[in-house]
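As written in Swiss-Prot, here are the features:
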BINDING   ASP286, ASP288, ASN290, MET292, GLU297  Ca(2+) binding site
DOMAIN    273-308  domain 'EF-hand 1'
DOMAIN    341-376  domain 'EF-hand 2'
Amino acid sequence: MDWKEVLRRRLATPNTCPNKKKSEQELKDEEMDLFTKYYSEWKGGRKNTNEFYKTIPRFYYRLPAEDEVLLQKLREESRAVFLQRKSRELLDNEELQNLWFLLDKHQTPPMIGEEAMINYENFLKVGEKAGAKCKQFFTAKVFAKLLHTDSYGRISIMQFFNYVMRKVWLHQTRIGLSLYDVAGQGYLRESDLENYILELIPTLPQLDGLEKSFYSFYVCTAVRKFFFFLDPLRTGKIKIQDILACSFLDDLLELRDEELSKESQETNWFSAPSALRVYGQYLNLDKDHNGMLSKEELSRYGTATMTNVFLDRVFQECLTYDGEMDYKTYLDFVLALENRKEPAALQYIFKLLDIENKGYLNVFSLNYFFRAIQELMKIHGQDPVSFQDVKDEIFDMVKPKDPLKISLQDLINSNQGDTVTTILIDLNGFWTYENREALVANDSENSADLDDT
């Protein structure tokens, strides 16, 4: 066969015929079929050669997309059923009363004052009679955990019952919070926690006096405390476990007590007086009534002695709208200044002081902020204090690992972070620190005068 015949046959093949040229979609489909075929063969071969692949757990479960409505509904329904089942496993009020009756019946003499006690033998007897739901509480580990210094080897019935009550409450609360966990990943987003607190308000007698028009501001005030302290990386979500582990939820649910003292309400961030105080301060600062705070308006916060340099940094680093601060950003500012001993608050202020974004404060940073304090002292007719003296005092207080740099961890470890930050940002705070000995002496004299009378 000569080359002309070979060429003629080649040109006549269906693959090269213009009329039968494959479309782009057909080529993609063919490529996908081949990929699937070879991938399946390879996967099958690997599975047969290595049995360990059967025991490796699955690490990733894809969440349903927004357009996969059926999968979303199925996931929500299955989670609801699971949480209902978990809820039924908890002790109800009647079962708790029965447990208390059994414990009281099996107490082991002698009593210590009015404290009823129980030994391990009777402890196990109560566990057998209390039912399957209580089995998890009647273990040697729990008994040993509550065993202290009793010479008869007993534990307090009241302490054990409180332990059970606390465990039941934690599980109930976990289930309640999980109902708002839309993604089912063990986290609550800001909107999830807002919904939880909004639906919780009617169950808290101490909040009965709040007008419904204030609910949105109250919810914002409450939620910000959770996120400010529990979400330091600002991911927009916090673990349900972290919510349960901290005291904030206890403070919030304390508002169920109808006889809560005035002092307790004043120190509780979640109380109605506290929320109204914070919101009232915001309204008082907002002189132009546009719902936002400018730098000039914020400068009147507290004793109105914060430096302009510090306020400049606040508006440079914090989220603002056309150069003004909204209520949510203001709440972070208040939480930081009112809790300066806390690591989360120090992290907030440290970021503002770290003007070079180096992760530490050096002599330049300290001098940059203290110069503004010196200027305010001149304006108020006070003699400026030498920066060198203040700088030496700060480094002596903090005792950083590096003698020329102060890190955030150095501030936290020193337990002097609140004092150091106050010295650098607030004239009134610096004056209080500078005259601390005179103030202590004055307090002592006043105390002595009161004792004499």
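Quick reminder: no glycine exception, Cβ is built from N, Cα and C everywhere.
Take the CB of ASP286 (Ca(2+) binding site) and look out to 10 A: across all protein chains shown you find 19 other CB atoms. Considering other CB atoms within 10 Å as the measure, the emptiest surroundings among the binding-site residues ASP288, GLU297 are those of ASP288. Same-chain residues lying 6 or more positions outside the domain 'EF-hand 2' (341-376) and placing a CB less than 8 Å from one of its CB atoms are 228-229, 232, 305, 307-310, 313-314, 317, 332, 335, 384-385, 387, 390-391, 394, 402, 404-408, 411-412, 415, 417-418, 421, 423-425, 427, 430. In terms of local Cβ density within 10 Å, MET292 ranks first among the binding-site residues ASN290, MET292. Apart from ASP286, ASP288, ASN290, MET292, GLU297, the Ca(2+) site neighbourhood in this chain, defined by C-beta within 8 angstroms of the site C-beta centre, holds LEU285, LYS287, HIS289, GLY291, LEU293, SER294, GLU324.
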